[in-house]
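This report concerns only the one structure given below.
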C-alpha cells in the first residue's frame, strides 16, 4: 500500500504549539502506512522583538517549509498560536504566499486539520479555528474536525482543557502554563484520528 504523507506545519513562539505538534506527530505515525513530517512556518519577527517577548529558540531538527512544498503532501495538520482571535501573523503570511498553489488549486481535495494555543478563556479557542478554516476552504482543502470522537474527555469540567470539536488545543496563560496531560492525550488522539481519515481518502482517490 502506498504511504500517505502528512505534513505537520506549525508556528510556535513560546513552545506550546511545538509540544502539541510533536504529540500530533506521534499520533499520526502510530497509524500503519502513514508517515508524518514536522515543518516550521518561517519567522517574520526581527530578533530584537523575539528577545523582547522572550521567544524560545526554534528547534534545529525541524526545518522551515516553503509554500510550494505543500504540494508534496497528501494531507496537513496546521498548528499555531492565536492572536486577537485569528492565527498568528507568521502563519497568515505563510498562507498569503501560497497564491501559486491557490491559482492551480494544487491542494484541492486534500484533508487538513488544525490545532492551536491561546492565552486564556475567551482568547479564541473556537474563533481561531473558525477563522483558520477560511484558508483551507479557498484552497479547496477538506477540513477534518475531530468532533467529539475523543470521548468523555471532551466533556471534562474538572480541569482547564483547551481544544474543541474543531481540533486539539491548549492554554498558555502568561506563557508559564504548559500543555496538560489531557491536552497531550487529545493531541495524540487528534493526530491518529486525522491520519486514519487521510489514509482512507488517499485510498479512494482516483488520482
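Cβ atoms here come from the backbone N, Cα and C positions, even for glycine.
Per Swiss-Prot, the features are:
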DOMAIN    6-194  domain 'Flavodoxin-like'
BINDING   12-16, 114-167  FMN binding site
BINDING   14  NAD(+) binding site
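Overlay of Swiss-Prot feature records on the structure.
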{"residue": "12", "record": "FMN binding site", "DSSP (3 states)": "coil"}
{"residue": "117", "record": "FMN binding site", "DSSP (3 states)": "strand"}
{"residue": "125", "record": "FMN binding site", "DSSP (3 states)": "coil"}
{"residue": "133", "record": "FMN binding site", "DSSP (3 states)": "helix"}
{"residue": "141", "record": "FMN binding site", "DSSP (3 states)": "coil"}
{"residue": "149", "record": "FMN binding site", "DSSP (3 states)": "coil"}
{"residue": "157", "record": "FMN binding site", "DSSP (3 states)": "coil"}
{"residue": "165", "record": "FMN binding site", "DSSP (3 states)": "coil"}
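By neighbour count, meaning other C-beta atoms within 10 Å, the densest spot among the binding-site residues 12, 117, 125, 149 is 117. Within the set of binding-site residues (133, 141, 157), the lowest number of other Cβ atoms found within 10 Å of a Cβ is recorded at 157. With the fewest other Cβ atoms inside 10 Å of its Cβ, the least crowded of the binding-site residues 14, 165 in this structure is 165. Mean model confidence of the domain 'Flavodoxin-like' (6-194) amounts to 94 (pLDDT, 0 to 100 scale).
Calculated from their C-alpha atoms, the gap between residue 117 (FMN binding site) and the residue listed as 'NAD(+) binding site' amounts to 10 Å. Put simply, residue 14 (NAD(+) binding site) is 24 Å from residue 165 (FMN binding site) when counted between their Cα atoms.
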